[in-house]
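The structure appears right after this line, and notes come after that.
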Amino acid sequence: GDLPICGETCFGGTCNTPGCVCAWPVCNR
């Protein structure tokens, strides 16, 4: 399966996408 794409903006330090971490201001792996 394809891994979810990280890249949403994160404000509270958490990301909605599984496996992604907040590297302000965006989520990434």
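Using the three backbone atoms N, Cα and C, a Cβ is placed for every residue, glycine included.
Listed in Swiss-Prot:
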DISULFID  CYS6-CYS20  disulfide bond
DISULFID  CYS10-CYS22  disulfide bond
DISULFID  CYS15-CYS27  disulfide bond
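The C-beta environment of CYS10 (disulfide bond), restricted to residues of the same chain at least 6 apart in sequence and closer than 8 Å, consists of CYS22, ALA23, TRP24, PRO25, VAL26, CYS27. For the pair formed by CYS15 (disulfide bond) and CYS6 (disulfide bond), distance between Cα atoms is given as 8 Å, rounded to the nearest Å. Of all Cβ atoms in the protein chains displayed, 21 besides its own lie within 10 Å of the Cβ of CYS15 (disulfide bond).
Of all Cβ atoms in the shown protein chains, 18 besides its own fall within 10 Å of the Cβ of CYS6 (disulfide bond).
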